Amino acid sequence: MHSTRNKQLKKLKSWHKNKKAMPAVLASTLLMAAHAQAAETTGADTMIVSANAGESVTAPLKGIVAKESASGTKTSTPLIKTPQSVTVVTRDQMDAQAVSSVSDALNYSSGVVTNYRGSSNRNDEVIARGFRYAPKFLDGLSYGLSGQGSTIGKMNPWLLERVEMVHGPASVLYGQVNPGGLISMTSKRPTAETIRKVQFSAGNQHLGEAAFDFGGALNDDKTLLYRLDGIASTKHEFVKDSKQERIAVAPSLTWLPNPDTSFTLLTSYQNDPKAGYRNFLPKIGTVVEASAGYIPYDLNVSDPNYNQSKREQGSIGYNLDHSFNDVFSFQQNVRYTQLREKYKYLVYTKNADAPATDTTILRRPQKEENEISEFAIDNQLKATFATGSVNHTVLSGLDYKWLTLEKKMWLDRNNDYSFNWANPTYNVSVNDSMLTELSTNERNKLNQVGVYLQDQLEWNQWNLLLSGRHDWSRVDKQDYAADTTTERNDGKFTGRAGLLYAFDNGISPYVSYSTSFEPNLDSGAPGTPAFKPTTGEQKEVGVKFQPKGSNTLLTVSLFDITQKNITSYNSVTRYNEQIGKVKSKGVETEAHTQLTPEISLMAAYSYTDAVTKESYTASQVNKAPSSIPRHAASAWGSYSFHNGPLKGVTLGTGVRYIGSTYGDNAESFKVPAYTLFDAMARYELGSLASQLKGAAVQLNVNNLTDKHYVASCGGDTACFYGSGRTVVATVSYSW
């Protein structure tokens, strides 16, 4: 084993000089996996095989309180013993709150800003600890594109078992991650227990939705398991004459050839023939009242007859687990993903040379095409053993990914398509032949290899976490618009050290230090060379509290993060720019508790002080980046009646507060704070009649008071209204 691993490391080091070594590296890891499957051992069962080995981090979990997670350490570890802040959103929480996006799932989490583009959030964009575009990972591997200046891809939450937020740097295990944190998504997996569920929803905004979830064993000895999830939905957006339509399906299959081996095939396909629209609005008329008042809440800046938005994405991969014996186990995750997006619209633009009033919007036609192809593989060898009185969980890994991003954008800068938002006129004739300026036409390719080593040491009540990783990355940029080709090679070591002491009373104080590294695929103006990778570091102290035998977890953390080479989107030029260094420090508190069998509560508060410390634009230095609230808070509670005339009824309510934010990176204006209220009522119809067991009805109302507000601004030409009241009625049946 050691000689094989040494050969892999030698091949890895030579890759930076010769990429032809990569097939050999991958071949050797696949041979290791094949050997693992064929080996006959008597080790402990894998997570899927054994349902009694404790809480599974991939299987269904009842309630809103998770006690274990693998996202922070890549090993199933109790959260109370993890020296890092991790938020877990369970399937039950997502169902109770009727979330329609991964961003929605994190609405009640600390340290994150979700849906800051309001109803124009066409992708899952999340700000974490003051840093934009928290990257998304699906089943341990990167999914879609999440860089400092852009994000592409949107996963339907119905296909997921849980969504987790790892707060702070996680590059030491995952590689391409910014220091704010990452979003870890876990697919619904096959189970030996039979799952049969259908669900239908309807609501305002012409919502119509049908979903199903089936799973179970395909043979008598339960060595073949399956899961099949799917959803179809259609709804109108709050922007006039703009729609979202979606069909998504995720078949998966697990094979258990022996008690020590499991192989799970994971696939998904999603087609959004109408993928939504990003509705840029001016500051005048949204944040500041114009001469004619405020811009109507449902104003469509573009033209419904011209708009076009499509998204298609699919993936196929597998998870292989094998236990050699009581000490060694091996896991391999592999996935190939492809994603395509097409958009066409009239976008609000600012042109100082064109005549305008505070009610006139100047627009230009714009067309975008994005395509991502990504392959990722992660090989993990785990050893659990003791040296004297010290218990070790050692994880060594080798991962590789390549990602190709092709971007095209056509513009027509003549600005002939203007209208008065106080008296808008639509159905304009747009001449697509005038879209002759190919402002962006490029192909970016990332190759990244990483090796990592981690040791989780436990001695009495002390828990020490030590991790180290080295990455080699290459970014090739072919800029067809500027007729240039650039290549950038980088290598970086990242590390993490965390120390936690678990008191008998359930209090666990901890301290940690970690660094981050992220190759950059963001695009600047034509002719701009490949951006430098970002680097970051974080210092964190915190305390967790989980009373023995309780279903409660409370976390308080203080963090201090610095990131260099960060990029930002310029709302005037419509290009990304590498602005320099940002420092963010703050406090996060979060609590999840099943107080009694009837009462569940969650609450969160965060204070974030983010400041640009270095920038080529002098007016941005020592100023807060846009869209980041200093204060944010939320709370959700529910009560379930188990007896009496209201037996089967669950009532829930929540409140979300987002503090004021700056509207640009120079602090030239502010966007007011806002508070939103949510509510839920559910009735298990089996309490009414035994024949209705498994049937339920549920009503969810978000933004209960239908508050109209500005979610954020990214400049005086890039403001976004928030979503209005949404009402969703759901009927479900499980049998």
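Placed from the backbone N, Cα and C atoms, the Cβ positions cover glycine too.
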Q | Topological domain name match (Swiss-Prot): Val102 vs Val327, membrane | A | no
Q.
Checking feature assignment: transmembrane segment per Swiss-Prot, candidates 433-441, 523-531, 568-576, 613-621. Which range matches?
A. 568-576
Q) Of the ranges 179-187, 251-259, 359-367, 476-484, which one does Swiss-Prot list as transmembrane segment? A) 179-187
Q: State the residue range annotated as transmembrane segment by Swiss-Prot; the candidates are 210-218, 552-560.
A: 552-560
